[in-house]
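Trainee: Attaching a single structure in structure tokens format; questions to follow.
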């Protein structure tokens, strides 16, 4: 046994020595490390080699690097000129193979866009941007939105150019509004998102941007009434302080020298404190000056409410007193447009109701008064934020019939670990755990299983699976969330120590949870994928209940501020269900449900991952701290991702590169040739189908027109023929001789007379037209003199019938027949022979529907001569 163990140890030592030698050999040429734009080319792949390459690229001011299926983005903490310009966007969009260009966030965006264009299943795409707070997720999401808006506008048709620009402008204008009302300066990030959002960019069948929608998750509304040390409130309050005009500040009752308890670090100026940009974005989205006035008055009222303080009354049976000065309460009531007396009462007196009994009024303790004040501020701000998101969606969301695919951008709060962590941090880190599980299931696990199913000789790469941590948090019935909800349903005061005992009893077997037995504060520690976080239990149950006293809702319903009244008009103050029972919907329940719906969307789309890395915690430009970076790389599984990508695709590994590049080129060439042939065959079939369909439609139209003309002309011909018979009979029996005294037309050629043709006087030679009926067409002929011959009475009758429609009505035609020269012919005589009329083209093409009787000469259909057969 000793010999076996010694042999195994020697083997492991030799492997470690070999790997260490390979690492040293790779790192010996440090001048070339920054050239590795894809970390799958690194050999060997170890945390040390990956870290060294990223550090070298960061020093060379190269901030994007491929890592298999993911893109690593290092935050430079300073503006980088021309890195995100329009020219750079067009360069990546127009590149034949964007993957061959330098790594950039636009490569990820273009790949997703081309997947939609190619209708690659699943067609809908999701871009998941993850990382710690301050790693650059918000900036990355902003660049992605601008890229898609620009690409859609550049690809638009001329007729829709104005529409696309208007839509993309509104989509981009939603960013500054949501950041102003939802972002704040924290210890880790000057523009930290205090809510999660998933933006769906809606594309039509031509892949043009036609709209967007925004879904938000868990706004940190507690920040409006309490800010951690050295952090700030939401940006919008500081924007009002620095950007409001003198007139606006007077309206808001906000003097220049006034200080607000809920605006710490107001002297700190940030780039995000841009009030004019927020106002302009509101106008573009349709929030007019009147609505803006209502919004800013509400926000100013909340700042005044934060300065309201209380002191204990001499008599405990009396409500707590207001601390002086009391102007803040009056200003708050005036800005919120509520009665000041009722506002004071709601904050200091509790209303108790027991069934149908009369309401009882109980003075609130000093602590309860402060809790009610903070609760009023939180519920107003949360409702206002929700109204803003709804208004933005109404402004930018397209009708369901106009879009068919979407590209989703997910920007959520990063993993957080502070000195004091509570329910907000637990929910935020739970969301990051779910996203990490999605990445593990979609790539690290599924990709390796696919390799095995394809017959590759594969040994599984170990990775950190966070399923145990998720079971700890969301497990039913003994997860942290389930126990929290159960505790909130009990009608008793919350006890942090008792809840800690229950957690320890129920979850002691889970390796992801631990406790510090020497800590005086009740807490529990969770081992997340990104590190251990200790959560304070005190106050967690109350935050989960999120109770709102009914009297506060009743007060806000009475507000004369139109917007504030609208926010609470439909809200049930008591929160009763259909059977009159009070419904308790906890914070973690709502957040868990919304997160599950988000994960369903992500699972139904093609994901693209971008890992934002924070080089240092101090946000100093171009400062790379290896210890902090390596922790982030290990937490999100970057090294394992590179291992799987490099081993699964030999083209990415330098060892196999030379022997596989021919094979790949031949396969690609053959594939392109086959695709071209198939495309040509499809095009031929499509063109043949279109030609046959066009011919069938043309034939059908011709038959329909011929039938229509035949039915109309036959009727006209019968009427014309009857009138002509009557007129000829009268002329023959009464005064046929008078017709001979009129001027005779020139003699016709004997051949024409024998053939029974008709010749118009303006034509040198007869035009032979094979066609009948002629009555409808010649009825609109202009005034002309006609000489004609016909060798048979029926032939003459046919010709006269064609001309009768106009000549006998107008009385301006002189008609002679050769029968008058050869003697009177009786209409009762039986003529010999027959007359047939043919046509080569429809005479309706030449008909003159608006004849001018004063014109000289004839054109068009009036030039037609008939041919006797």
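Don't overthink the numbers, they just go from 1 along the chain as shown.
Backbone N, Cα and C atoms are what each Cβ position is placed from, and that goes for glycine too.
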Trainee: Could you tell me which of the ranges 572-594, 595-617, 618-640 is annotated in TrEMBL as region 'Actin-binding'?
Mentor: 595-617
Trainee: Counting only residues 6 or more past its boundaries, what in the same chain has a CB within less than 8 Å of a CB in the region 'Actin-binding' (595-617)?
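Mentor: Cβ under 8 Å, 6 or more out: 54, 58, 67, 69-75, 77, 105, 108, 111-112, 115, 120, 122-132, 134-137, 140, 188, 198, 215, 217, 408, 410, 414, 430-431, 434, 438-439, 442-443, 623-625, 628-629, 632-633, 636, 638.
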Trainee: When secondary structure is assigned with DSSP, how many helix, strand and coil residues does the region 'Actin-binding' (595-617) contain?
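Mentor: Its residues fall into 9 helix, 8 strand, 6 coil.
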Trainee: Show which residues of the chain containing residue 137 (ATP binding site), separated from it by at least 6 in sequence, have their CB under 8 Å from its CB.
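Mentor: Non-local contacts for residue 137 (ATP binding site): 129, 130, 131, 193, 411, 412, 414, 612.
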Trainee: Taking only same-chain residues 6+ apart in sequence, whose CB is under 8 Å from that of residue 134 (ATP binding site), what do you get?
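Mentor: Sequence-distant Cβ neighbours: 75, 186, 188, 189, 192, 414, 614, 617, 619.
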